[in-house]
Structure formats: structure tokens, C-alpha cells
Amino acid sequence: MSGLIVENVDKFYGNVQALSDISLTVDNGQFVCLLGPSGCGKTSLLRIVAGLEDPSAGRIVLDGSDITTTPAHKRDFGMVFQSLALFPHLTVGDNIAYPLAIRGVPKDKRRAEVERLLELVHLPGKADRAITQLSGGQRQRVAIARALIMQPKLFLLDEPMSALDAKLRETMQVEVKRLQRSLGVTSLLVTHDQREAMTTADLVVVMSEGKIQQVAPPIEIYRNPANAFVADFIGITNLIAGRIEGGRFEGPGGALALPGAKSGIATLSIRPEDIALAPQAGPDTLTGTVTFVRHLGATTEISVDTGNADEKDLTVSLPGRTHCPFEVGDTAHLSVDPASVVVLG
Amino acid sequence: MIQSRPRTPLGYLPILLPAFALIAFYIVPFGSMVGMSFFHNLGGGAYEQVFTLENYARLVSPFFLSVLGTSFEVAFLVALFAIVIGFPFTYLLVNARRGTQVFWLIVMLSVLSLSEAIIGFAWSTLLSRTAGIGVLFEALGLTEKAQSYAPSLGAVLAGVTYIAMPYAVLLLYPILSRIEPDIEQASRTLGASPLRAFFNVIVPMHRTPIVVSFVMIFVFTLGSYLLPQILGRPTNWTLSVVISDQALLQSNMPFAAALSIFLMTVTILLVLLVTLINRKGAKA
Ligand SMILES: Nc1ncnc2c1ncn2[C@@H]1O[C@H](COP(=O)(O)OP(=O)(O)O)[C@@H](O)[C@H]1O
Ligand SMILES: [Mg+2]
């Protein structure tokens with residue numbers, strides 16, 4: 001058995017349960033993202049894997065051996081903290097070489113390794129700088145280099161990009177992914193940013209309230225969300241509650257043909273880009289009143305009130321150059337390709 | 001900050017009081033002490049207002065230089081003990097539960113509120129032959145016969161360290177409580193045991209506050225004159241003891257003033273030196 005296995009892990013802080021019955025397998029070389037809203041227990045899980053926190057129940061297994069009680073400093077993992085946690089009194093080079101210094105690697109060898117890592121993170125020749133002389137993005141790279149210099153068995157990242165501005169963040173996400181792929185290091189990244197998860201992960205683990213909601217590749221998470229939480233958390237979706245009978249869905253605003261769908265009460269998840277405008281009302285259209293039109297350039301978003309529950313207007317997203325025939329107050333007829341509809345139980 | 005100057009002379013009023021206080025309570029007494037150190041002592045508390053260097057000349061003797069040496073030795077060792085014990089203690093304290101932190105901070109403040117005389121006699125009882133740890137050691141079979149540990153240099157160091165400890169903790173507490181817990185944890189994930197993380201990262205990271213606290217405790221300890229008298233032999237007496245002796249018992253104010261200025265000058269030079277070395281070291 002190779003890779004990381006998290007087995008039935010629970011975590012309590014006093015009476016607060018942060019994790020309940022988490023089980024997860026990460027294959028060697030895989031990049032797995034823990035994705036979920038703030039407070040769902042992502043950091044707790046990562047810290048348990050790192051050995052900085054004990055699980056209240058369950059086991060952590062790495063390459064077939066139980067490491068649940070192995071202290072953090074004997075796990076040989078590399079971790080990048082949310083605060084980066086660079087050592088302020090050391091230079092860039094000494095920060096990166098710290099894991100080598102701890103293990104008694106001689107100075108000249110350390111120096112060579114540091115240069116190699118600095119190349120890798122695109123900071124060549126910066127070894128003698130003070131940490132305070134670096135920009136946010138550069139510090140990020142130093143933290144990554146420091147975590148990778150020991151060729152760790154596991155590369156752990158806790159929202160490392162959250163302090164960067166949006167543009168830099170996207171660049172770093174791509175870079176981290178490239179780096180991980182070229183090194184083949186098994187990685188576990190925590191984030192609440194679904195774009196970050198989609199960019200970096202081979203496998204996304206969606207979490208909410210201490211439980212795993214779905215484990216799947218990014219596109220699968222988007223196209224086939226396991227439940228309403230995942231559908232709503234990943235991207236934008238329209239959740240429509242209604243009833244399916246004989247392959248037809250009836251709900252607020254009209255009906256849709258859903259051949260082969262199981263009969264009973266159901267909630268549909270339909271992505272805004274999967275909704276099209278219909279020229280007129282038909283047997284398989286939803287009808288409502290346009291309440292808002294947003295010309296966003298790349299797309300045009302139309303909000304349509306079909307009498308959906310909780311006054312949630314449907315969102316329709318059209319490619320930006322499509323002519324939008326509506327103004328607020330007009331009646332719109334909408335059609336949906338049944339293949340793009342996800343039926344949630 | 002407001003940078004504009006007051007528009008009327010009345011606007012300067014708020015700084016008059018502090019300026020007056022500064023002059024009345026610091027500059028005037030200090031100036032009169034400087035002046036006093038150049039006067040001729042007549043004995044019995046009287047002195048003659050003539051300019052003489054005899055007080056300073058008397059100072060440069062093997063006796064006073066050895067007393068000065070003792071003063072610096074005591075202050076240095078006490079500052080060292082206070083930091084060596086106080087720094088790890090404070091580090092544990094800031095990582096402890098809230099209740100524990102409050103408890104120990106209250107203990108530290110209570111020690112500060114004790115009078116030096118009470119502390120001195122408490123320690124001399126504790127270290128005595130008949131009622132102190134000597135009896136305990138004998139009962140435990142550690143020593144053959146109970147013996148007295150005071151007066152001695154060790155007793156002076158113990159007593160003064162006891163007083164200096166709360167200062168060390170209260171100086172370091174606000175600084176150490178600002179450490180991100182991530183720093184220590186990062187060094188652990190990178191392969192350092194908690195102990196190595198402490199010595200490799202936490203201590204060097206706080207080099208400057210450690211040096212600053214050391215200097216402050218050193219200076220503070222130089223002024224201690226009661227405990228060396230209660231807990232030490234005359235050979236353990238510090239310059240402050242001699243100063244108070246000259247001023248209060250011998251009534252030789254000019255010489256006491258010269259001693260004070262001498263002590264102050266040497267102290268300032270020492271502090272400057274340490275600050276300079278620290279600044280150089282921090283840059284390297
Ligand atoms: N050291 C702690 N003590 C008490 N509660 C904690 C501690 N760490 C986390 N929690 C609680 O556990 C839950 C999960 O926290 P965390 O793992 O940090 O979530 P996330 O990283 O997804 O935001 C939160 O409700 C948080 O308040
Ligand atoms: Mg977190």
C-alpha cells in the first residue's frame with residue numbers, strides 16, 4: 001500500500017467536534033485539495049496529518065505504516081503555513097537550508113541545495129537577502145522551497161496563497177501545480193477558494209461541518225455534485241425543488257423532460273451556462289419575469305424570477321456576444337438540455 | 001501626530017508642567033550631585049564648597065575597584081540567571097492556558113510588591129542552619145550535618161535573582177506573547193524536536209529583546225544595596241552598599257556622590273557597549 005490513508009478520524013476540541021469520521025486515500029504523486037468553507041475543519045485535518053495535532057479517534061497510515069503517534073519532526077513532511085512562518089532572524093538561504101542544518105548536512109552541500117531550490121522557485125541568487133527584503137510572492141516561494149528541500153514524503157499547504165492579491169495568486173497556483181507535477185511529490189492543499197482547488201488538484205475533497213461531502217476530480221465535482229451543498233459551493237448553480245413523475249420534472253415556472261429520472265420529490269442543480277433562451281413557451285420550458293440583466297463582458301447574466309423557493313431567482317448565463325433581447329420586467333422562456341441537469345435526492 | 005505649533009504663548013502651557021517637573025526632580029538633584037562630588041568633605045556631614053578632585057582620586061584604589069568588580073559580578077550573574085530561567089519560563093507561560101497565565105502573572109506582581117527587607121530576611125531564614133533548607137538536607141541525608149548557606153555570594157545571588165525574576169518575566173511576557181505559534185510548529189515539521197526548535201529558532205529570534213532585558217536587569221540589580229548586606233559577607237558588598245554606607249553612616253556626601261557618578265558612568269558605558277555589540281551582531 002503506498003500513499004497516505006486517513007482512517008475514520010475524529011477530532012474534538014473540548015466539546016466542539018471539528019472532524020467526524022474522516023476517511024481519505026491519497027495515492028503517491030497525487031495532488032489532493034481539501035476544499036470547504038471557513039471553519040469546516042480543513043486545517044484541523046491537515047494538522048493531524050502533519051502530526052501537529054492528535055486525532056481524537058482514527059489512524060493515519062503512510063506507505064503501509066501507522067504514523068498516528070509519530071511526532072511531527074520525525075514524519076519528514078514539508079508544510080507551508082498560512083502565515084508562511086518564515087524565520088525572521090535568518091536569511092532566505094538559511095531559512096531554506098534549515099531542514100538540512102537540523103539534520104547535520106555540511107555547509108557547502110547545503111549551499112548547493114539552496115541554490116538548486118532557489119532556481120526551482122524562480123528566485124536565483126537571493127540566498128543572502130533578509131526575509132524583510134522580499135515581496136509577499138517571493139516570501140511564498142521561500143516558504144515553498146523550505147518545505148521541499150528535504151524531498152518530503154508529503155507536501156502540505158494550508159491556504160498558502162490567501163494573503164496574495166488575486167492576480168499573483170493565480171500565477172502562484174499554476175506554479176505550485178507545475179512544481180508538484182515536475183517533482184512528483186504527494187501533496188495535500190487546504191483552500192476555501194474553489195478556483196485554487198480546480199487549478200491545482202487531481203482530486204478535490206469537499207468538506208463541510210467536519211464531514212467529507214464528496215471526493216472526485218475537479219470537473220466531476222462541477223458536473224456531478226453529490227449533493228446540494230457541493231453543487232452550491234462549487235461555482236454558481238440554480239437549485240430548483242420540485243417533483244419528478246414519469247420522466248418529467250414539474251416545479252416552479254414550468255416543467256422539464258428528464259427521461260429516465262427516478263420519480264419522487266427532487267431538487268435539480270442546473271448551471272447558469274446550461275440554460276438557454278427558448279423562443280416561446282412550450283411543454284419543456286420554465287417561464288418567469290426578468291428581474292436583472294448584467295452585461296459582464298465575457299458573459300451576460302440574466303436573473304429570472306420563476307417563483308422558485310426562498311425567492312431565489314434563476315441565473316442564466318449567455319456568452320457575451322449573444323444578443324440579449326430582454327429588459328427588466330420582460331417575460332423569459334428558458335429551456336435546458338436534460339443531459340446537463342443533475343438530480344439531487 | 002499633530003505637527004502644527006501652538007498659535008498663542010498660552011498654547012505652550014501644557015508642556016510647562018512636565019518641563020518643570022523634569023527640571024525640579026531630575027536635573028536639579030543630578031546637577032547638585034555632580035557639584036557635590038567635587039566638594040571637600042569636612043566630616044560629620046559638613047563639607048566645603050571648593051573644587052577638588054580628591055573624591056575621585058580616592059576612588060581609584062584597589063579596594064573600590066574590587067567593590068566595583070563585585071557589583072558587576074553580582075549584577076551580571078543575576079541578570080544571567082534571571083534571563084536563563086525567566087525566558088523559558090515566560091515562553092511556557094505564554095503557551096499555557098489563560099488561567100495559568102493569570103495565576104503566574106499575579107504571583108510575579110506579588111513578589112514585586114514585597115519589600116526588599118522582607119525578602120532578605122525570608123531568604124536568610126531559608127538558608128540558615130537552624131530553620132532552613134540545611135535542616136531539610138540533613139533530614140534527607142544529603143549532608144552530614146545541617147549547615148548555614150548564608151551569608152555568602154550564593155545567598156546574595158539567590159535573593160537578588162528572586163527580586164529580578166518578576167522583572168525578567170514582565171519584560172519578556174508582552175514580547176513572547178506576540179510570537180505566532182506557527183513559527184515553532186514550522187520548525188517542528190521541518191525536523192526539529194520541540195527542544196531544538198526552542199534553542200534553534202525561538203531563542204535566536206528574540207536575541208534583541210533578550211539582550212535588552214539582560215541590560216535592564218543588570219542596571220536594576222546594580223542599585224540593589226539591602227540584600228547584599230542582609231545575605232552577603234562584607235566581601236560580597238556591592239558599590240551601592242558602599243554608597244549608602246558613605247552617605248548615611250559616614251555622612252561623607254561628596255565621596256558618596258563621586259561613587260554614584262562613577263558607578264553611573266561605568267554603567268552607561270557598559271550599556272552602550274552591549275547595545276553596539278548587539279546591533280553589530282544583528283546585522284551580521
Ligand atoms: N485549537 C482549537 N481549539 C478549539 N477549537 C478549535 C481549534 N482549532 C480549530 N477549532 C475549531 O474547529 C473547527 C474547525 O477549524 P479549522 O480546522 O481551523 O477549520 P478551517 O481550516 O476549515 O477553517 C472550527 O469550528 C474551529 O473554531
Ligand atoms: Mg484553516
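Heads up, the Cβ atoms here are built off N, Cα and C, so glycines get one too.
Record features (TrEMBL):
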type	residues	note
TRANSMEM	B:12-39	transmembrane segment
TRANSMEM	B:59-90	transmembrane segment
DOMAIN	B:68-274	domain 'ABC transmembrane type-1'
TRANSMEM	B:102-123	transmembrane segment
TRANSMEM	B:153-176	transmembrane segment
TRANSMEM	B:197-227	transmembrane segment
TRANSMEM	B:255-277	transmembrane segment
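Residues 74, 77-79, 81-83, 85-87, 89-91, 93-94, 104-105, 108-109, 111-112, 116, 119-120, 123-124, 127, 206, 209-210, 212-213, 216-217, 220-221, 224, 227-228, 230-233, 236 of the same chain lie 6+ residues outside the transmembrane segment (B:153-176) yet bring a C-beta within less than 8 angstroms of a C-beta in it. Sequence-distant contacts of the transmembrane segment (B:197-227) (same chain, at least 6 residues past either end, Cβ-Cβ under 8 Å): 71-72, 74-76, 78-80, 82-83, 86-88, 91, 116-117, 119-120, 123, 156, 159-160, 163-164, 167-168, 171-172, 175-176, 179, 183-184, 187-188, 238-241, 243-244, 263, 267, 270-271, 274-275, 278, 281-282. Beyond the transmembrane segment (B:12-39), the same-chain residues lying 6 or more positions past its ends with a Cβ under 8 Å from any Cβ of the stretch are 6, 47-53, 55-56, 253-254, 257-258, 260-261.
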